[in-house]
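Accompanying notes for the structure given below.
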Amino acid sequence: MPLTRFATDAFGVVTIALVVLLILLGFLCIVYSCYFRSRIRHQDFVQLSYFSGPWVIRITFILFAIWWGLGEIIRLSFLSRALNLKWQETVCKCYIVSNMGFAEPCFFLTLVFLLRAPLQKIETGIMSQKWNGKTVGYVLLYCLPVFVLQLFVILIGPQIDKNKSAARRLPRYFTSAAATSLMTRESDVTVCTYPLLSTIILGLFAFILSAYLFWLGRRILKLVINKGLQKRVYTLIFSVSSFLPLRVIFLGITVLSKPEHLLFEVFAFLAFLALLLCAGICMCMLVYYPVADSLALGNLQELEARRRISDDRNESISLIANQSHLEDHTEDNVGSSLGRNSDASAKRGSISFRTLARDGTSSGTYVELSLFSPSRHATPPGSPPHLGWPMRSTQVLEP
């Protein structure tokens, strides 16, 4: 079925809408991470500083996903119609090198380093001030071979193939990043294609990455005792090990259809959708949920601290009120109930607490409690008991 302008525009609009949603999710995660970082620094949540350690790598991880999404928008043919065919072909070559050679490998390499972070030592891991910078350097270094290979396929591959004889030349879809398509009742438009050699390089990268993630996931699951975290690890590994190979398969199938056919655009869109879902799930599992859990833990600690302060304040107010109440009634109550021995008891720190009935009226009952230990001699009748003894209550008639 030939590709029409309406179908191209429809796929383009849906692609732009989905990329915008991914970018909004990315900015939300960035703001959330920065907010969490500011709370750690300004409210002295030292216990949670470990969870905010990789905040730079988390933001870098999101920026790679946004870079990839913008590249998917740039490759759309209905946006490049204002350019001439030569510039459209240049845009397609830059898209292959930028997305398949840089953004996608860096995105998944950053994901691997975020997963490896809990397995490293605290001194040399995410608590180290140089960890974020070193990790960015390692990501770029490990991405360099894929980038160079994709650059070789796009720039040098076609030139080498031209110098060969016609019998030894590879089919054009092995190295071509663009193809001219004549749509119905439209002028020529350059459609970005996916060179088969570039797809093979990405497939080798996906195979190595998936194998390493399975091994890394087993190590992480041995350390995780929370079922919720186990589900997140399983979801993360499953999404990467399934969606990334699916993308490679769909990109490989595109060579079976001509760029001017609808089937080519369908497979290209499915490949885009597979990686979009993978990126969204990874951002939620590696950025949003960890930050949300840490903020919830910080709020619990803050509420607990406020509760303790409130309890201490209530106890202080209650003690002051009881002491003032004691001073008001000491002379009358002590004179009528304890007599002369009350003076000695008061010197030893006896305090009386009035108990109230359920209806709020005073029952006239006082509970005596000795705050300081009495002398070694036997206590006279009516004096407070020794420290640690059961409290006793005496009925006192109010004047």
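Placed from the backbone N, Cα and C atoms, the Cβ positions cover glycine too.
Unlike curated entries, TrEMBL annotations are predicted automatically.
What TrEMBL says about this one:
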TRANSMEM  12-36  transmembrane segment
TRANSMEM  48-70  transmembrane segment
TRANSMEM  95-115  transmembrane segment
TRANSMEM  136-156  transmembrane segment
TRANSMEM  194-215  transmembrane segment
TRANSMEM  236-256  transmembrane segment
TRANSMEM  262-289  transmembrane segment
REGION    375-399  region 'Disordered'
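Most Cβ pairs under 8 Å to the transmembrane segment (136-156), among the stretches 12-36, 95-115, 194-215, 262-289, belong to 95-115.
Sequence-distant contacts of the transmembrane segment (95-115) (same chain, at least 6 residues past either end, Cβ-Cβ under 8 Å): 54, 57-58, 60-61, 64-65, 67-68, 71-72, 74-75, 135, 138-140, 142-143, 146-147, 149-151, 153-154, 177, 192, 194-195, 198-199, 201-202, 205, 209, 212-213, 216-217, 220, 236, 240, 244, 275, 279, 282, 286.
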